[in-house]
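Participant: Copied straight from TrEMBL:
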{"type": "DOMAIN", "residues": "23-350", "note": "domain 'FAD/NAD(P)-binding'"}
{"type": "DISULFID", "residues": "CYS70-CYS75", "note": "disulfide bond"}
{"type": "BINDING", "residues": "LYS79, GLY143, THR172, GLY173, SER174, ASP335", "note": "FAD binding site"}
{"type": "BINDING", "residues": "GLY207, GLY208, GLY209, TYR210, ILE211, ALA212, VAL213, GLU214, GLY294", "note": "NAD(+) binding site"}
{"type": "DOMAIN", "residues": "370-479", "note": "domain 'Pyridine nucleotide-disulphide oxidoreductase dimerisation'"}
{"type": "ACT_SITE", "residues": "HIS469", "note": "active site, proton acceptor"}
Amino acid sequence: MARKMLIDGELDKPGQEEQHYDFDLFVIGAGSGGVRAGRFSAQYGAKVAICELPFHPISSELSGGVGGTCVIRGCVPKKILVYGAAYGPELEDARNYGWEVNERVNFNWKKLLHKKTEEIVRLNGIYKRLLSNAGVKLFEGEGRVIGPNEVEVIQLDGTKISYSAKHILIATGSRAHRPGIPGQELAITSDEALSLEELPKRAVILGGGYIAVEFASIWRGMGATVDLCFRKELPLRGFDDEMRAVVARNLEGRGITMHPCTTLTKLEKTEDGIKVHTDHGEVIVADVVLFATGRLPNTKRLNLDAVGVELDKMQAVKVDEYSRTNVPSIWAIGDVTNRMNLTPVALMEGTCFAKTVFGRKPTKPDYSHIPCAVFCIPPLSVVGLGEEQAIEQVNGEVSVYTSTFNPMKNTISGRQEKSVMKLLVEAETDKVLGASMCGPDAPEIMQGIAIALKCGATKEQFDSTVGIHPSAAEEFVTMRSETRHVSSNKPKTNL
């Protein structure tokens, strides 16, 4: 039976003769996005194959694993370590709640590492079963494109087999970037940081994004001395400046040494550890240096230039609104396209791809109101616009509502760390444009707030919602007094 597929923006016409292919769809890369696209395409009746490099916790050009970065060496193992790191400070806090905790509490890094590895091996198996149950054929090896409708798989023994496919989907994700400074080989990336044999006592982190502040929290929570070096005045460039300042204050409050407007110039191996040189002439000695300076699209070995697939200056695959490249039979989703590099976004893009190509329902990914979280301790979570974005994008006045308070848990524990919440409201329409929170459980709360913003909620609707008491979340529906008014005439910051 002929399958109806999107061809040049239109569905195949009934009776149109189709060329025979080995597969309707061949996916290169079995991370979150690739697995989702493959499974859903198969559910629409497509004959689907997917290839992925063999499993290893640390990725390389010859290793990877079904589940991809998020499951094996990203979000999931990182959050397991965040949970582990949070117990240390919470054990301290427990004393004022009546728990007689011994002065010395030992932490077994190797035990946590073992449990983390067990979990990602389990998830790797689950992802393989998801593919199998959907009828997707899995090939283990390196995939590369050798024609508009042909994929070559280099198997583990080095042999090469080629397969034809009506559609090819690139979903190979991204890899960690290493700055080219002298001694850079002495540093590690987040891949290795999740699998260190020994917990460092002294760590230097270069970077100011998600990965940098999260690992700073992890290692500090486990007792290490941490120096965080970043190029801007505040970490987390691109987030709301006020919330960035809150995160910086919390990191410092937990004992992390901040080095703003700082980069590294050289690393040297010494008997005492790695000697780290900064551009301000400082020298820090560390057991581990982590480069958390961004990620690059994984396109290097895909042979895309040979078939004419266009890449941008970052070597990301260029796609249209439907995730299609300039070669009509080749598509791309996830981090390899460098659009919005979040796992749930790759899942969304994979779903939209399957609907478009095999579900007879052309669907564009919707990038509005996508919530996200930074799992530092305590975490930051946001949805919608930050204040600086609102000033830039909204014509007219924006009402800013903020609440800063001591979480109820801290009133007994004595921890001096406040939660901060923020709402941005378009004055003319009363529509809530953005929400931010830094404090315990922020991501859990923000997921619900994201639904409200996706539905176009107004501040009046927030105000008329009954809160859950006592909870931190109720602050979002009790912020009655405007903190300030801002407009597009406000000068931009340079943080």
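Positions of Cβ are set from backbone N, Cα and C atoms, glycine also.
Bear in mind that TrEMBL entries carry predicted annotations, made automatically and left uncurated.
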Participant: Taking Cα atoms as reference points, rank the binding-site residues LYS79, THR172, ILE211, GLY294, ASP335 by distance from the residue listed as 'active site, proton acceptor' and give the first.
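Facilitator: Smallest Cα separation from the residue listed as 'active site, proton acceptor' among LYS79, THR172, ILE211, GLY294, ASP335: LYS79.
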Participant: Using DSSP, what's the helix, strand and coil tally for the domain 'Pyridine nucleotide-disulphide oxidoreductase dimerisation' (370-479)?
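Facilitator: Summed by class, the stretch gives 36 helix, 34 strand, 40 coil.
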Participant: Setting GLY207, GLY208, GLY209, TYR210, ILE211, ALA212, VAL213, GLU214, GLY294 aside, what same-chain residues sit with their Cβ within 8 Å of the center of the Cβ atoms that define the NAD(+) site, listed in sequence order?
Facilitator: ILE205, PHE215, PRO235, LEU236, ALA292
Participant: Within 10 Å of each Cβ, count the other Cβ atoms and name the one among the binding-site residues THR172, SER174 with the highest count.
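Facilitator: Checking each of THR172, SER174, the winner is THR172.
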Participant: When you rank CYS70, CYS75, SER174, ASP335 by Cα distance to VAL213 (NAD(+) binding site), which of the recorded positions ends up on top as the closest?
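Facilitator: Nearest listed residue in space: CYS75.
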Participant: What is the interatomic distance between the Cα atoms of GLY207 (NAD(+) binding site) and SER174 (FAD binding site), given in whole Å?
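Facilitator: The separation of the Cα atoms works out to 17 Å.
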Participant: Restricting to the chain of GLY209 (NAD(+) binding site) and a gap of 6 or more, list residues whose Cβ falls under 8 Å of its Cβ, or answer none.
Facilitator: PRO235, LEU236, ARG237, ALA292, GLY294
Participant: Using only C-alpha positions, which one of CYS70, CYS75, ILE211 is spatially nearest SER174 (FAD binding site)? These are the recorded positions in the record.
Facilitator: CYS70
Participant: Compare the C-alpha of CYS75 (disulfide bond) with the C-alpha of each of the binding-site residues THR172, GLY173, ILE211, ASP335, and give the closest one.
Facilitator: ILE211
Participant: Which chain-mates of CYS70 (disulfide bond) that are at least 6 residues away have a CB under 8 A from its CB, listed by sequence?
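Facilitator: Once residues fewer than 6 apart are set aside, CYS70 (disulfide bond) is near GLY31, SER32, VAL76, THR343.
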Participant: What does the structure give for the C-alpha distance between ASP335 (FAD binding site) and ILE211 (NAD(+) binding site)? Integer Å is fine.
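Facilitator: ASP335 (FAD binding site) and ILE211 (NAD(+) binding site) have their Cα atoms 15 Å apart.
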Participant: Which of GLY173, GLY207, GLY294 has the fewest nearby Cβ atoms, counting only those within 10 Å, among these binding-site residues?
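Facilitator: It is GLY294 that, of the binding-site residues GLY173, GLY207, GLY294, has the fewest other Cβ atoms within 10 Å.
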Participant: Cα-Cα separation of GLY143 (FAD binding site) and ILE211 (NAD(+) binding site), in Å?
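Facilitator: So the alpha carbons of GLY143 (FAD binding site) and ILE211 (NAD(+) binding site) sit roughly 28 Å from each other.
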Participant: Restricting to the record's FAD-binding residues (LYS79, GLY143, THR172, GLY173, SER174, ASP335), give me the longest CA-CA distance in Å as a whole number.
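Facilitator: Per the listed residues, the maximum Cα distance equals 30 Å.
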Participant: Tell me the Cα distance separating ILE211 (NAD(+) binding site) from LYS79 (FAD binding site), rounded to the nearest angstrom.
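Facilitator: That comes out at 11 Å between the alpha carbons.
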Participant: What whole-number value in Å do you get for the largest C-alpha pair distance within GLY207, GLY208, GLY209, TYR210, ILE211, ALA212, VAL213, GLU214, GLY294, the residues recorded as binding NAD(+)?
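Facilitator: Taking every pair among GLY207, GLY208, GLY209, TYR210, ILE211, ALA212, VAL213, GLU214, GLY294, the longest Cα gap is 14 Å.
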